[in-house]
Amino acid sequence: MPNQHMLLLFNLLPVGSNISIWWNFGSMLLTCLALQTMTGFFLAIHYTANINLAFSSIVHITRDVPYGWMMQNLHAIGASMFFICIYIHIARGLYYGSFLNKNVWLSGTTLLIILMATAFFGYVLPWGQMSFWAATVITNLLTAVPYIGTELTNWLWGGFSINDPTLTRFFALHFILPFTIISMSSIHIMLLHTEGSSNPLGTNSDIDKIPFHPYHSHKDMLMFTIMITMLFIIMSFTPNIFNDPENFSKANPLVTPQHIKPEWYFLFAYGILRSIPNKLGGTVALVLSVTILLTMPFTHTSHMRSMTFRPLMQFMFWTLVATFITITWAATKPVEPPFTSIGQVTAILYFLFFTMNPLLGWLENKISMTNT
């Protein structure tokens, strides 16, 4: 009997009839999560969390384990797909005012923070040059915390430098956090289904709802197919497109790479971090670059939920998208002019979106009131 109720919940779940393709990314994220969990499990079977053997175990997986190359590439490219989907998912939430469903938005932002931590721990595991030095630079930011910073850093490292205990605990965290993500995702979906999804118009969908299956389930299946096809095309033809060439060399604490940078999906935050020439200031800006999303439900002043009929906010939104892309590009470049200036300007523009949001909402309300 409970199974029957579960099927009814899936089949007869009422969903607004006018939700567009941008609402498909939630289910695509679920697919990515399932894929990452499965491939990650098979990789963990053959991986060795030891600084002398970690790099060799990755080589062993790709060369000797049957289909190991496929698992390793799917896991690496799948992480990039995960972040592409989540950034589009967040952009849709910002554009269509999904953040007004406070509980869903706050649980989603928490999920993003946990996901970023998981991806960071995973990037360290191959113990390549960039893995080691990215871990050194990012964990070293904890020393910026007043009074307890040094103790915190040593506690995280398990010693006075990044060494074997660090790799062991990062592997343990990388293994356990996805289960936290799965639990949080369930809460996120349950909270969503108490109120239901928003729609492109930003209106109440109650007057025009259709069953999730077969209508939206088929639309989701199409996007799954496109995503999996893209994943396999990248894996087959350009499997190392998202990798850093430095990471094909084993970690060497005595040789510093010319330009230390994290994976591409953290470059926007890294760009904001290095745009401030102060360690504590940069660390605060880095944390704010993600946590500022938490302010969105509380700073919304417009009478309209969606940006569909708000041209001023649309302009700000697309400026944010362009800023995000530019800051990501600038963060791949060395710390020298003009890239430092570009980084600083784009960092200001990034935070400007969140500060202008309540002001433009208030202005649009004034304009609409004078026109009626």
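Using N, Cα and C of the backbone, Cβ positions are placed for all residues, glycine too.
According to Swiss-Prot, the protein has these features:
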type     : residues      : note
TRANSMEM : 25-45         : transmembrane segment
TRANSMEM : 69-90         : transmembrane segment
BINDING  : His75, His174 : heme b b562 binding site
BINDING  : His89, His188 : heme b b566 binding site
TRANSMEM : 105-125       : transmembrane segment
TRANSMEM : 170-190       : transmembrane segment
BINDING  : His193        : ubiquinone binding site
TRANSMEM : 218-238       : transmembrane segment
TRANSMEM : 280-300       : transmembrane segment
TRANSMEM : 312-332       : transmembrane segment
TRANSMEM : 339-358       : transmembrane segment
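Features per Swiss-Prot, on structure.
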residue: His75; record: heme b b562 binding site; Cβ within 10 Å: 20
residue: His89; record: heme b b566 binding site; Cβ within 10 Å: 19
residue: His174; record: heme b b562 binding site; Cβ within 10 Å: 22
residue: His188; record: heme b b566 binding site; Cβ within 10 Å: 21
residue: His193; record: ubiquinone binding site; Cβ within 10 Å: 14
From binding-site residues His89, His188, His193, the one whose Cα lies nearest His174 (heme b b562 binding site): His188
Rounded Cα separation (Å) that holds between His188 (heme b b566 binding site) and His75 (heme b b562 binding site): 24
Interface present between the transmembrane segment (105-125) and the transmembrane segment (170-190) (three or more C-beta pairs under 8 A): yes
Long-range neighbours of the transmembrane segment (339-358), counting only residues six or more past its ends (CB under 8 A): 268, 271-272, 274-276, 285, 288-289, 292, 295-296, 299-301, 313, 316-317, 319-320, 323-324, 326-327, 330-331, 333
Same-chain residues near the transmembrane segment (280-300), Cβ under 8 Å, at least 6 residues beyond its ends: 90, 94, 97, 99-100, 102, 105-106, 109, 112-113, 116, 141, 144-146, 268-270, 272-274, 347, 350-351, 354, 357-358, 361
Most Cβ pairs under 8 Å with the transmembrane segment (25-45), selected from 69-90, 105-125, 218-238: 69-90
Paired segments the transmembrane segment (105-125) and the transmembrane segment (218-238) in contact, 3+ CB pairs under 8 A: no
Other parts of the chain folded back onto the transmembrane segment (69-90), taken as Cβ under 8 Å at six or more residues beyond its ends: 22, 25-26, 28-29, 32-33, 35-36, 39-40, 42-43, 58, 61-63, 108, 112, 115, 119, 122, 227, 230-231, 234-235, 239, 241-243, 263-265, 293, 324
C-alpha spacing of His75 (heme b b562 binding site) relative to the residue listed as 'ubiquinone binding site', in angstrom: 30
Length of the line joining the Cα atoms of His89 (heme b b566 binding site) and His75 (heme b b562 binding site), in Å: 20
DSSP three-state assignment for His188 (heme b b566 binding site): helix
